[in-house]
C-alpha cells in the first residue's frame, strides 16, 4: 500500500510510492470514477470547464494518489499488526514516592513556586502595578457594595477583597480571574444570613426598630462559619478532582445562569434604592414575592434616597461612557466608581443627607484588621446544606469562567501574576487607614454602583435572538436555566439547568440525522443524497449512516429508521415468508398423519388375509387385489410425503421470488459506523438483529469505518462469530461498496481483488 503526493512529472518519470506499483490515476474534481470499473482510464467531466483555470490547477496540484488492496477488518489488522492497547492504572502512581513526584506535587498545589522564579520583572512589573491599582480601585466600591448583598456590614466586603486575592496569588492558576467579592456568591450568602437571622428577630422598643448591632454580629457569625464550611467543601472537591462538573456547564448555561443571577442582584438592591424595609425571604419564588412587595411599598419610598441613587447612577454611567470614549488616550480606565463614591461621601458629609433627608449611610467602618475568631461549631448543622450548595456553585462558576479565559488567551487553567498581590496590598492600606473615611457614604450610591455594573451581564439578553438564529437547542438551555434560576433560586436553578442540559444531550442522541449515502462523482466519498444533489446511490447497494452513536436509548430507533430509509418493509416481508413456511409445515404434518393412518390400516388388512387365506381362493384373490390397491396408495402417499419434505427443505432455503414475494431493489447493505464512539450490549444485539433480518430477505449486510476502540468492544461483546466475521467489516465505506458490487450473492470469504484509487 502506498500513499504519496505526486506531480504529473513524477508520474511520467516513474517516481512512485516505494510500497506501491506505478500509479497512473489522478483524482481530479471532475474526473470520472466508477467503483465497478476498477482500473478504468481517467476521464474529465464537463463540469471542470466551469472552474477557473487557476482554481483547477491549484486543485490538481493537491491531488493524491493511492494504491492499495480492498481491505476488510481482518486484513487491516494483519497488515497493521494490531495489538491490544496496554491498560494503565493511574491510581498506582498515587502511591509512588520519589523526589521528582514530591517536587511536582509541590508545584501543583503551590503554583507560585513555579512561575515566580521565572517572573520577568522588566517586562511585566510596571503593567502588573498598574493592573493591581486598577483592580484595587474597582474592588473598593465593589467590596463595600457586595457586602450589602450578603447582608453584612460594608467593612467585611473590604476584608473579602483582601484575603481571597492574596490567597489566590499563592494557589491560583488563572491569570485573568480577579478573586474577591462576587455578586452571585454574595446573593447566596445573603439569602442564608437573612433567612437564619431575619430583621424580625431583632426588633426592639416601642417603635419596633431593628437592633442593627446585634443583628450584624449574628449575621457575621453565620457568614464566617458558612465561609469556613464552604472552604472545607471546596478543598475536598479539589482533592477528589470535582472539576469534571465543569464539563457539563456549557457556555449558554453559564450565560443564562449569570443573567438570572444579575436579575436577582438587581432586585436585591431595590430596597436600598427606594429606602424600604422588606421582609427577609429565601427559597423558591422568593424573587417574585420580593418584587411584589417592593411594588406594594413604593408609596413609602424615601425621596432623598431615590434622588441620591438616580443622580449617582447617572454620574457613574456618564463617567463610564467617557472612559470608553477616551480609553485610547488614557493609561488606565477612569475609576468611575471610586470617583462617584468619593464625591457622594463628600456631599453626604457636607449636606447631611442622613440627618436632613433620612438617607441611610454606611456608618462606622472600623480601622485595621479584625483579629480572627474561630467559627461556631453549633452552627455547622444548620449551615452544612447551604455550604455544600455554595461550594459547588462557586467552584463550578470559577472554574468555568477560568476555562473561558484560558481558551481565549491560550493557556491551561491548572499562574496568576503579581497583579493580585498588588491589589491585595492596596486594599490592605485602605482597610488599615482609609476605610473610616467612607462612613457617610449613602447605601443608595453603593446600590446604584452595583446596578450600573450589572450592565454587562444584563446585555446577555441579546443572546436570545442570536441563539435563535444559530442554535435553538442552546437557546432552550439558556432559557430553561434563566427561568429555573429566577423562579427557584440560584442553587436549585443551577442543578435543574445541569440536569436539563444532560437530558437534552440524551434526547438529541435519540433523534439524530439518518442518511442514505450516495457516491460523489469521481471520488471515493459518500454523502447524504438529500443534501448533495450530485451524490448518486450505487446500484444494488444501500449505504446507511447515523449522525450519532448507537446505544440503548436509540438502538431501536436506529433499526426502525434503517428499515424505513431502505424503502423495503422488512418486517412485513419476513412475516409473510414465515407465514408461508408455517403453512408448508402444517401441510407436511397433515400428510404425515395421513400416511401413518394408511400404514396402520394396511397392517390390519394383512392380518385378515393371513387368517382367511384357507377359506376360499376368491377371498384370497380379493384380498390380494385389496393389498395391491393399499400398497399402491401407500406408495403414492409416501412419495407425496417425501416430495413434501423436499418442498419444505426447499422452502426453508427458497427465494422471495419463488414464494411470490416482492424482492428488495438492492442486494447489499453497508452500515457506515464511523459515528460510533462506543457500543453497549443493546447496540450489539441490535446489530445482530439487523444482520438476521436483512439476510432473511436475501440482503447481505456489511459494516464500515469502525474505530479501533469500537472494534475492541465488539470483540469483548462476542459480536463476531461464524456468521458475522471481521470480513464483514471494512476499513471504509468505499471498500465495502466495492466488495458488495463484486460479490452480490457470494460469501464475504471470497478472494478480494485489488482496487486503485
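Glycine is treated like the rest: Cβ placed from N, Cα and C.
Check TrEMBL against the ranges 334-352, 353-371, 448-466 and you find transmembrane segment recorded for 334-352. Residues 134, 137-138, 140-142, 144, 308, 312, 315-316, 319-320, 322-323, 326, 359, 361, 437-438, 440-442, 445-446, 448-449, 453 of the same chain lie 6 or more positions beyond the ends of the transmembrane segment (334-352) yet place their CB under 8 Å from a CB of it. Residues 272-275, 334, 336-337, 339-340, 343-344, 353, 356-360, 442, 444-445, 447-449, 451-452 of the same chain sit 6 or more residues outside the transmembrane segment (302-322) yet have a Cβ under 8 Å from a Cβ within it.
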